[in-house]
Amino acid sequence: MTDLNKVINELGELGIYDVKEIVHNPSYEQLFEEETKPGLAGFEKGVVTTSGAVAVDTGIFTGRSPKDKYIVLDEKTKNTVWWTSDAAKNDNKPMNQETWQSLKGLVTKQLSGKRLFVIDAFCGANPDTRLAVRIVTEVAWQAHFVKNMFIRPSDEELQNFKPDFTVMNGSKVTNPNWKEQGLNSENFVAFNITEGVQLIGGTWYGGEMKKGMFSMMNYFLPLKGIASMHCSANVGKDGDVAIFFGLSGTGKTTLSTDPKRQLIGDDEHGWDDDGVFNYEGGCYAKTIKLSAESEPDIYRAIRRDALLENVVVREDGSVDFDDGSKTENTRVSYPIYHIDNIVKPVSKAGHATKVIFLTADAFGVLPPVSKLTPEQTKYYFLSGFTAKLAGTERGITEPTPTFSACFGAAFLSLHPTQYAEVLVKRMKDSGAEAYLVNTGWNGTGKRISIKDTRGIIDAILDGSIESAEMGSLPIFDLAIPKALPGVDPAILDPRDTYADKAQWQAKAEDLASRFVKNFEKYATNEEGKALIAAGPKA
């Protein structure tokens, strides 16, 4: 048993006093009872669905709130963090100590005198580099979410648990003084790296806790020479490891959940001297338009102990996965063992030999697959391109390009080139090959079928792409296969999907100019300038 007096004292050191009761690392059974209790109202209330999973709503925040993210500026962080600037805007906005103390006071006051859920867990499967994380919340389903998403400690590990980082979730409290403090709004997601504390106020979105700790791993690990990656990963029966980078909605979770391969994890990984390891103990899958036919493994994972967010639940308790009226970003979190085919007992494997960059190109320009040179690998990793099409966010009706460094700029705490350097070094050491895979659209106006994309991934993983005859795509100078087993050959060169190739040419020139403009921010040093040649020619 954990010594609860010790936990109470540690909370007191943070400023949380007069705790009525601590519910420490409750079982799933207890969490189910707690989050579906009669009398719960508003966003605290969980609804049991016919699958057995509980569904909750997160209110107006159905995604992260990057405009409300801050990091305390101090001696430790001033020269290490990739701070936002007018020249290159990002989400790492500096916060002074005075404002931090004020926000910390708001959250600790909110959590004081309450019955609290305290979850002690790990972020990172390797004992040497993992963060021991303590999450403190007054909301049962938030405790359920982090129990799903972080690595659950053994009883023995709990005995000697000493938190490196504490997440204090005060979703019920907002900041009345935000204007005077020069902040974006009354909501806040703030980090003090020196203190080892994350504060959340005003937003109920569960992903703030998950991605908050990812941002912290992205701070600590690359400084130790360990690659820290926004990617999914799996391993074949011969021990061959593949990693899949990509922004939200490009197919990381879907494509890495493969019946022929064991899943290491679906979103956050490190790569050290021993190989690739998961940061998490669960998966956080998008559920919009989910079906048993298209994604059987994820569909089956939605059962008791899974937690659905912002889905539409019908009168009879069934879920309408096609209904995006609350948000397109409907989600489910579940413990990783809800997927049958996973690496056990620890989510880690050897060095990666295949590195796949997923992009969903709504312009219809990029090929469904191309093999990258080492220079192109760095270029496309730093570019982190994808594009949204109508309907993914309010008010967007045409292709909108997103360039997100390292396929995860929102979570980078250090400068993007630091992640690129560490990744390319790891790839060099393991002899890994890199590929750019477009899961988006082509000249037909339709999205490339998941069947063709899976065929492409199979060809990469089984090595058959290596023996394919290759052609070259102009403007982008990308190497593209002329034929692959199980893939419609008519789609491999995107120009062939247009009735008139001049249409492709015009779109390609437009997209190339956007790549070039985006990359200007990296051309401030010799190394960045040297990579320009690896990109498209506008």
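A Cβ is built for glycine as well, from the same backbone N, Cα and C atoms used for every other residue.
Swiss-Prot names HIS230, ASP267 for binding Mn(2+). Of LYS211, LYS224, LYS237, LYS260, the residue it gives for the same site is LYS211. Farthest C-alpha pair in the substrate-binding residues ARG64, TYR205, LYS211, ARG331: 14 Å apart. In the three-state DSSP reading, LYS211 (substrate binding site) counts as helix.
When secondary structure is read from DSSP and collapsed to three states, LYS252 (ATP binding site) falls in the helix class. Sitting within 8 Å of the Cβ centre of LYS211, HIS230, ASP267, and not among those site residues for Mn(2+), are the Cβ atoms of LYS210, PHE214, GLU268, GLY408, PHE411. Rounded to a whole number, the C-alpha distance linking THR254 (ATP binding site) with ASP267 (Mn(2+) binding site) is 11 angstrom. For ILE448 (ATP binding site), the same-chain residues 6+ apart in sequence whose C-beta sits under 8 angstroms from its C-beta are PRO368, ASN438, THR439, GLY440, TRP441, ASN442, ILE491.
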